[in-house]
Amino acid sequence: MELWYTEQQTDEVRFSIKVKQHLYTGKSEFQDVDVFESEEFGKFLTLDGLMMVTEKDEFIYHDMITHVAMATNPSIKKVLVIGGGDGGTVRELTRYSHIEKIDMVEIDKLVVDVSREYLPITASKLDDPRVSLYFEDGIRFVADTKEVYDLILVDSTDPIGPGEGLFTTEFYQNCFNILSDNGILVNQSESPYYDQFSHEMKRAHKKIKNIFPISKVYQFHMPTYPSGHWLFGFASKKLDPIKDVDFDKWNALGIKTKYYNPQLHVGCFALPSYVQEMLDNE
Ligand code: SAM
């Protein structure tokens with residue numbers, strides 16, 4: 001008997017992966033947590049039935065959420081990760097020896113515990129001495145913290161359930177308030193392709209560009225996300241991700257990446273006309 005995982009991506013579109021084994025199922029106060037084993041994508045994590053991370057394509061997402069900002073500002077020392085329960089974003093950050101402090105604020109401890117057990121490929125660096133884990137709501141954390149960060153990475157779920165408040169003006173303003181003078185915010189910016197996702201992309205971008213002097217969007221290919229066309233927002237108080245980047249400095253770090261590279265860093269900000277128009281018209 002065949003077993004398939006199916007994600008309802010829109011009312012009209014489903015995405016399925018053939019499954020060898022349903023390794024884990026559980027429920028926290030926030031969401032259902034499941035882990036599957038598959039031939040094509042290896043092990044993968046879902047939350048409330050929605051695809052979060054797979055062993056096969058996680059490198060794409062975690063390269064692109066981390067290295068664009070880290071190459072733009074070579075002096076980043078203090079980083080805040082909101083969400084990121086699978087640990088992949090923290091893993092990429094720990095590759096920079098000049099980073100002194102990584103605070104990860106993940107609302108759901110179960111996601112971290114399950115990732116540690118089933119997804120060591122992403123959760124491997126959560127015990128790095130520079131990493132502090134806070135199991136609380138990122139919305140409250142950015143409103144209350146007295147800490148100042150050079151980089152904030154919002155590695156959240158979609159704007160539903162606990163993730164909804166991570167797409168609000170208040171949240172983005174609080175991120176601005178706790179960023180240093182050269183501060184950068186990278187946020188999960190959904191996708192331009194299906195209406196329900198492009199609606200969130202436009203809303204997030206509109207809010208952010210009203211707060212940050214520099215606000216751009218960059219794209220990458222994410223096979224297991226709806227349409228495969230996925231975006232991050234790049235917002236900054238001062239540094240432009242293309243004009244101010246020094247690739248000689250980044251190359252000198254000798255960080256080997258499977259997806260990110262300096263040419264892609266520049267290219268990923270070149271968006272399809274229909275996407276640029278959506279963002280400009282907001
Ligand atoms: N890469 C995935 C994606 O793009 O959908 C997301 C990675 S990670 C699994 C997303 C995490 O955000 C989840 O572990 C979830 O518990 C966490 N999260 C959602 N809302 C949150 C909130 N308000 N504060 C902190 N973490 C939150």
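We number each residue from 1, going along the chain as drawn.
Backbone N, Cα and C define each Cβ position, glycine as well.
The Cβ neighbour count for ASP155 (active site, proton acceptor), using a 10 Å radius over every protein chain in view, is 27. Taken from TrEMBL, the feature active site, proton acceptor covers ASP155.
With a cut-off of 8 Å between CB atoms and residues at least 6 apart in sequence, the same chain places ILE82, GLY83, VAL105, ILE107, VAL154, SER156, LEU166, PHE171 near GLY138 (S-methyl-5'-thioadenosine binding site), listed in sequence order. Look at TrEMBL and you will find GLN31, GLU106, ASP137, GLY138, PRO162 tagged as S-methyl-5'-thioadenosine binding site.
Applying an 8 A CB threshold to same-chain residues 6+ apart, the list for THR157 (spermidine binding site) reads GLN31, LEU47, LEU50, MET52, GLY83, GLY163. DSSP gives THR157 (spermidine binding site) a coil state; it is part of no helix or strand. The spermidine binding site annotation in TrEMBL covers HIS62, ASP86, ASP155, SER156, THR157, ASP158.
As annotated by TrEMBL, domain 'PABS' applies to 2-237.
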Item to complete: Over the domain 'PABS' (2-237), work out the mean pLDDT and round it to an integer.
Response: 97
Worksheet, complete the sentence: One residue among the binding-site residues ASP86, GLU106, ASP137, ASP158 has the fewest other C-beta atoms within 10 A of its C-beta, namely ASP137
Response to the item:
One should report the C-alpha separation between ASP158 (spermidine binding site) and ASP137 (S-methyl-5'-thioadenosine binding site), rounded to whole angstrom, as 15
